Amino acid sequence: MTDKAHQCVIIGIAGASASGKSLIASTLYRELREQVGDQHIGVIPEDGYYKDQSHLSMEERVKTNYDHPSAMDHNLLLEHLQSLKAGKPIELPLYSYTEHTRKKETVHLEPKKVIILEGILLLTDIRLRQEMNFSIFVDTPLDICLMRRMKRDVNERGRSMDSVMAQYQKTVRPMFLQFIEPSKQYADIIVPRGGKNRIAIDILKAKISQFFE
């Protein structure tokens with residue numbers, strides 16, 4: 001491995017949908033970026049690695065179980081993490097929540113000292129876990145996650161309340177219990193109460209800051 005590979009630190013943040021993962025990731029990114037600069041830290045959302053469904057009709061796309069590991073292109077994510085560790089840039093895929101497939105455009109991402117990786121299914125894949133220097137599970141009660149998800153999907157993603165509730169009952173909750181919650185055992189740190197747990201965020205900041213020394 002190259003010196004660059006030793007310098008790239010991968011931190012995984014997992015948890016239920018609407019548990020506060022993205023808030024913790026964005027807070028850590030924003031506050032650490034102010035300390036070390038944009039060139040040293042980046043964020044990769046797992047959502048961008050939902051499989052491309054542009055070949056499917058909209059009717060078929062909405063039937064996809066987005067909370068099952070098979071919906072993710074973890075092979076591509078693994079390839080990208082390994083590229084960053086090897087000092088190579090990647091083209092970060094983007095996902096459209098309204099079109100239910102990948103966008104045509106990508107975001108160019110250069111290797112960073114620290115990469116924060118966040119998503120619901122990260123800890124279910126042993127290959128991804130092996131690339132992480134340490135991992136976090138955001139442990140938020142499901143009823144709170146549902147309320148947050150309802151508000152987010154209706155206001156930001158153009159969903160109806162009925163469709164959000166139907167999806168929650170059919171796939172979100174069952175897949176959480178089958179895949180996501182059991183993956184909590186692999187986390188090095190468990191954060192209760194979601195993205196507004198300031199004490200936990202400060203502890204995580206202190207831990208991550210060690211990698212910049």
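A Cβ is built for glycine as well, from the same backbone N, Cα and C atoms used for every other residue.
Pulled from Swiss-Prot:
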BINDING   Gly15, Ala16, Ser17, Ala18, Ser19, Gly20, Lys21, Ser22  ATP binding site
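Ala16 (ATP binding site) carries neither a helix nor a strand DSSP state and counts as coil. Residues near Ala18 (ATP binding site) in space but far in sequence (CB under 8 A, at least 6 apart, same chain), listed by position: Thr140, Cys145, Leu146, Arg148, Arg149, Arg152. Cβ atoms within 8 Å of the centroid of the Cβ atoms of Gly15, Ala16, Ser17, Ala18, Ser19, Gly20, Lys21, Ser22 (the ATP site) belong to the same-chain residues Ile120, Val138, Thr140, Cys145, Arg148, Gly194, Gly195, site residues excluded. When the binding-site residues Ser17, Ser19, Ser22 are compared by the number of other C-beta atoms lying within 10 angstroms of their own C-beta, Ser22 comes out lowest.
Under a cutoff of 8 A between CB atoms, and with a sequence separation of 6+ in the same chain, the neighbours of Lys21 (ATP binding site) are Ile13, Ala14, Gly15, Glu118, Gly119, Ile120, Val138, Gly195.
A 10 Å cutoff on Cβ-Cβ distances gives Gly20 (ATP binding site) a total of 25 other Cβ atoms nearby, all chains included.
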